[in-house]
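J.: Structure incoming, see below.
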Amino acid sequence: MGEIRVDNFSLEDFFSGDIDSYNYSSDPPFTLSDAAPCPSANLDINRYAVVVIYVLVTLLSLVGNSLVMLVILYNRSTCSVTDVYLLNLAIADLFFALTLPVWAASKVNGWIFGSFLCKVFSFLQEITFYSSVLLLACISMDRYLAIVHATSTLIQKRHLVKFVCITMWFLSLVLSLPIFILRTTVKANPSTVVCYENIGNNTSKWRVVLRILPQTYGFLLPLLIMLFCYGFTLRTLFKAHMGQKHRAMRVIFAVVLVFLLCWLPYNIVLFTDTLMRTKLIKETCERQNEINKALEATEILGFLHSCLNPIIYAFIGQKFRHGLLKIMANYGLVSKEFLAKEGRPSFVGSSSANTSTTL
């Protein structure tokens, strides 16, 4: 991941329209020497619509992920392994979403926050994106070990899980360093500044690197891990006789399905764009504009994932609902009778009490 579109300046007069395709896909602009004039469609209406969507996603993520963090921290004495992952995931998604208003403002006014904040916000969004996806893969492995192998040794040692989370954050930081190093500001015209990678004369080479990095570690590898782990987990649940089996399967299906719906379309379009920009398929103005529009639309789906995770991992699950109702009952927002009527959550999984598969 890496770039945010800024479409509010004269594209024909600078970079021959390539800045218009400036998006969150780590797609550095062409240099003047390799750019070809290509008029870009007017996206004013789309730009303002995207700004509204960014703000809504931020608000939904703020509410949803804050509630997840509140419930987990309030019940930290009974915190499970899955809860540790969920807490880190909520933090990552929350900070990812909090960067969106900045990029929304840049769509209207260009980048107005200076070179240092260009690096900081880009770096923060990059780290939180990587950590979010890597933590999703860790959760799938946790469920796989807990259900398929009924593993309790690693699960019971919470400090090891915390070490795994710290490792994921560190790995995310390392993967994000190219963005921090290369991202800077540039004047697109006398009145507009943009925030993007400055890669000099090695544009084509670095473009491939900055595309392969997020697509491999930010999508393909986590997806393969999730498909493998959840595939075997589902097979085990089908064979088992568990009272909450169908509920657990719904959550697992939702995890994979929503991840695919959010990120698969974007990555398909991004891969096509990479093939075009590396001259493996013919580049035309019509094709470039079509891909730019597709990147804009599918990018929004990817951003939506940051506010959908609380729904998938928490709101569907019994454990979260009971934890939230417990907090509300303690503050008199719901009656104790209602809390008792709802009952305590039950979980599916191994004999270990330190993991749940229904969240």
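Quick reminder: no glycine exception, Cβ is built from N, Cα and C everywhere.
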J.: Could you tell me whether Swiss-Prot assigns Thr82 and Leu333 to the same side of the membrane?
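T.: Both on the same face of the membrane, per the record.
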J.: From the disulfide entries in Swiss-Prot, identify which of Cys118, Cys138, Cys262 pairs with Cys195.
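T.: When Swiss-Prot is consulted, Cys195 turns out to be bridged to Cys118.
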J.: According to Swiss-Prot, N-linked glycosylation site sits on which of Asn75, Asn201?
T.: Asn201
J.: Looking only at Cβ atoms, how many others are within 10 Å of the one on Cys195 (disulfide bond)?
T.: 26
J.: Would you count the other CB atoms within 10 A of the CB of Cys118 (disulfide bond), including those on all shown protein chains?
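T.: Within a 10 Å radius of the Cβ of Cys118 (disulfide bond) lie 22 other Cβ atoms.
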